[in-house]
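One structure is given below, encoded as C-alpha cells.
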Amino acid sequence: MSNSSQTLQRSRSGLFSDGFDIGQMLLKGRAFFALIAIIAVFSFLSPYYFSASNFLTMASHVAIYAILAMGMLLVILNGGIDLSVGSTLGLSGIIAGFLMQGVTLKALGVTLYPSVWVVVVLSCALGAVVGLVNGVLIARFRVPAFVATLGVMYVVRGIALLITNGLTYNNLSGQADLGNTGFNWLGFNRLFNIPIGVLVMILIGIIGSLVLNRTAFGRWLYASGGNERAAELSGVPTKRVQIMVYMLSGICAAVAGLILSSQLTSAGPTAGTSYELTAIAAVVIGGAALTGGRGNIRGTLLGAFVIGFLSDGLVIIGISSYWQTVFTGGVIVLAVLLNAVQYKKRAKPAPKASPQQTGKPA
Amino acid sequence: MDQLPASYLAPDIVLSARNVVKSYGNTHALKGVNFDIHRGKVTTLFGENGAGKSTLMKILSGVISPTSGAITLDGKPIHFANSTDARDHGISIIHQELSLAPNLSVRDNIFMGREIMTPTGVNFAEEARQAQSLMEELEEEIDPLTPVEELRLGQQQIVEIARALSVDSRILIMDEPTSALSASEVEVLFKVIRDLTGRGVSIVYISHHLEEALQITDYAVVLRDGNITATADAKDIDLEWIVRNMVGENFDLGSPPTGYDFGEVALSIRDVSVAGALAGTFVVDHLSLDVRAGEIVCIYGLMGAGRTELLECIAGRVPKIGGQIMLEGHEVSRLTIAQRIAEGLALVPEDRQRDGLVQTMSVGENLSLASITNFVRGLFLSTGLERNLIQQSIKAVTVKTSGGDAPIGSLSGGNQQKVVIGKMLATNPRVIILDEPSRGIDVGAKAEVFKLLAERAKTGLAVVYSTSEVGECLSIAHRIIVMSRGKIAAEFSADATKEEIMAASGEAVVA
C-alpha cells in the first residue's frame, strides 16, 4: 500500500516538475526563439533564405561549428576550456591531405596510399592524441586549462604549417587505380538528400546526448564539473574523466577538420583559425555555464545554429563581412547578458519592498 | 503603522523590528516577527536551521529588505537601502561564512574598503598599528602582515571578528562567530563581548552551541518556522527551555545501541602519521585505532587536533606516512578513494558544501552519485534501478524533499547532510567515517542522523564520527576517543562525563 502511495506521490511530483519545466523552458528557450527570429527576419528580407535547399546548405556549414561545439561542451561541462580545437581541426585536414598524397617509405622504396577509412581513423586518432596531451597536462600536471590548451593550440598550428611548409593540399580526391578515392564523400554526398556532414553532426549529437544522460561517464562529468572535490570523494575518477573529455573534444575537432577539408576539397594549414572561439560562443549561447556542471547537447546545437544561420543570412542579404563580425559579436554578448539577467532573477525572486511598507512617515 | 507600540519608546531598546515579514514567492521565511535589541546587552537568537535567523539578521543589517514590517532605530522609523547604509548607522554584521580575501594580509583584510587614506596614499603604518592593537585585544598572536591564507580557520574567524570590531559600531550582529574557535579563543571573545557591552555596544548573537550562547547572553529569543516562539531573560531559563522552544519537544541525541555483539575488527589503523604544514611535524602522530563491526566510535578533539586529517587519511584523501590502514584485514593504503569506496570504506566529509554535494545536480543525482556504477546495465544506466535506489535512500535517511528531482539547494542544511550520508550508505559500506556530521545542522536533524547511524551499526556497520561538541560524544558512541595534537590523549566508555572528556582534550572547562 505504501508502495502505491509512494508512486502516486512520485507521479504527482513529476507532474509538478513538468509544469515547472514549461515555465523554465520558455525562459531557457532563448536560443530557440532567437533562431526562430533569425529565420523569420531573413526569410522576410530575402526570398532565397526560406527554402529546404538553403537550409541544408546552411546546416552543412553549421555542422562544422556544431561538431566542434559539442566536443567543447564536454570540456566546458567539466569546468575547463579547450582553445586548441581550431588548430586540431586544421592539423586533422593536413594529416588527411598528407596521407592522401601517399606516404613514401624511402628505405623500402615504396609509396603507400592508405584508403580513405584508414585516413579517417588516423586523423581521428591524431585528434585524440592532441586531446590526450591537453588532458594529461591539465589533470596530471595541474596546468590551468586555459594555458595548457593555448600552448597546444600554437604547437599544433605550427606542426600543421611545418608539414606543408605553409602550403595547401589541393588534391584530396585520390585516384581510382590507387584505391584511395572517396574523401569527397564526406563533404559532398548526401544520404536521403541530407549532407553527410549534417548526418555526422546528428549522429554525434545523439551519441553525445546518450553519453551525457544515460551513462555513468555522463554523470561523472556533470558531477566533477559541478563540484570536483565532492565528486572525487564520492569515488568518481575525476582525473580520468578530465583526460577523456579533452580526448573527445580532440576527436570532434578532427572529425570537423575532415568534413571541412572535404567540403573545401583542400586542406590548408590555417584552416579553422579562431573556430575555437565560435565553438565556445555556441556552447555559451546554448546556455551552458563556463563554471561547469550545467549545459546540454540540445542547447549547444541551437547555439551553433543561431551563429551559423545568422552569419549565412547576412551573406545572403549581401551585408559586408565586416558587419557580419559585428552582428555575430553582438548576438554573443546579448546571449550572455540574458543568461546573467536570468540568473539574477532566479537569485532574487522576491519583489522589492516598496518604501511606504518599511514604515517611513508619509 | 499609525500608532507606535510602547516598546518603541522604551529607552533600553536600541533597535526594534515590528511585524517583519519576508516572503520568497510562496515561501515565508519570516511571518510577522517582533524583535528587540537591548542597548548594551547581548541578545541571543536561537533557532534551528531554516527557522529564519539569518534572514532576520540580513534584514536588520540592510542586506535585504523586508516584504513588509517596520524597523525603528532609537525610536525613529528607518529604512536601510543596503548594508553600507546600515553600517553608516552603526550596525555591522559578522557573517557565518568567512568573507576574507585569503591572498591579502590581516591588516588589508581588516581595512578592506575602508582604507585609512593620506594625501599620498594609504597610511599602511597606521592600519598596521590599529590591526595590531585589535589582535592584542583579542589575545591572538598574529602579525598584521601575515597573509590570511596562512592562518588556521579559527584565526581567520578572529580576523573576521577584528574587522567588525574596527568599525566602531553601536550594534554588532554575530552570526555563528565561534564555529571554528577553540574554547580558550571563545573565552577571549566573550571577554571582548563583555567589554563591548560595557561600552554600550549592543550585541546580537547567534550560535548552534547552545550552552556556550547561554553563558554570554542577557536575553534569549527563540525563532521557529519564521515565528518568535519565546522571549526571556537569560537568568530565568536553561538549556532545556531553549531546546524545548526551538524544536517544540524534548529532544534526545540517543544512546549507544545495545542488544548485539560486535563483530570482527572492521577497521584497523596501525602507527599512521600525516605530515603537518611544517617539515618534520605531524598533524596525526603515529596513531593506532581499532574499530569493530557494529561499533560506534566518537573522536573528540579541538580544532587542529588532527581529527579531519586522520579521517581524510583513512579515506585516501590525504597521504599517510608509515603505518598501515587495514579494512577487514586487507591493507587499503595503496588504493584510490574510489577503490576504497568499492572495498566498503566510505567518508562523509566535514564541509558538505565544499566536499559533499554537487550543487548543480538534483537531490536524486547526488544520492546516486557514489553508487552510480551499480546501475549500469550494458552501456547505459538503468533509470528504473536508479530511481528505486533514490526513493529508498530518501526514505531510509528521511530526507524532507518534494522528490528526487528537486534541486539540492532547495533543501535545508540538515536534509543536505542526510543526502551526503545517504549517498555514502548507498555504496553499502562496511565502515563509514563521518567528519563532524552534525556541523551546522539543527538539533532535530542531529538526533535523526545519530538514530540512523545507530540503526546501521546494529546491522554490523562500523561507525567512526568526529565532533567538537562534547554533548555529541555522549550520545550513540560506544567508545569515545579524545585526540590532542595528533595523538590519542584518552579513551572513554559511554558512561564518561563531559568534564572528563573536555579535560582530556586539553580544553579548559568553561564554568
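Cβ atoms are placed via backbone N, Cα and C, with glycine included.
Caution: TrEMBL annotation is automatic and unverified by curators.
Listed in TrEMBL:
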TRANSMEM  A:31-50  transmembrane segment
TRANSMEM  A:56-77  transmembrane segment
TRANSMEM  A:89-110  transmembrane segment
TRANSMEM  A:116-138  transmembrane segment
TRANSMEM  A:145-163  transmembrane segment
TRANSMEM  A:192-212  transmembrane segment
TRANSMEM  A:243-262  transmembrane segment
TRANSMEM  A:274-293  transmembrane segment
TRANSMEM  A:300-319  transmembrane segment
TRANSMEM  A:325-343  transmembrane segment
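Same-chain neighbours of the transmembrane segment (A:31-50): 285-287, 299, 302-303, 305-306, 309-310, 313, 316-317, 331, 335, counting only residues six or more beyond its ends whose CB sits under 8 Å from a CB of the stretch. Of the recorded ranges A:56-77, A:89-110, A:274-293, the transmembrane segment (A:192-212) has the largest number of C-beta contacts under 8 angstroms with A:56-77. Counting same-chain residues at least six beyond the ends of the transmembrane segment (A:116-138), those with a Cβ under 8 angstroms from any Cβ of the stretch are 80, 82, 84, 88, 91-93, 95-96, 99-100, 144-145, 148-149, 152, 156, 174, 180-183, 185, 242-255, 257-258.
Away from its own ends, the transmembrane segment (A:89-110) comes close to residues 64, 68, 118-120, 122-124, 126-127, 130, 156-157, 159-160, 163-164, 169, 171-172, 174, 178, 180, 183, 253-258, 260-261, 266-273, 275 of its chain (Cβ-Cβ under 8 Å, at least six residues beyond either end). The recorded stretches the transmembrane segment (A:56-77) and the transmembrane segment (A:300-319) share 3+ CB pairs below 8 A when only pairs 6 or more apart in sequence are counted, and are therefore in contact. Same-chain residues lying 6 or more positions outside the transmembrane segment (A:274-293) and placing a CB less than 8 Å from one of its CB atoms are 28, 30-31, 34, 64-66, 68-69, 71-73, 76-87, 89, 153, 222-223, 225-227, 256, 299-304, 306-307, 328, 331-332, 335-336, 339. For the transmembrane segment (A:300-319), the list of distant contacts is 31-32, 34-35, 38-39, 41-42, 45-46, 48-49, 54, 57-59, 61-62, 65-66, 69-70, 72-73, 201, 205, 278, 281-288, 327-328, 331-332, 335: same-chain residues at least six beyond its ends, Cβ to Cβ under 8 Å.
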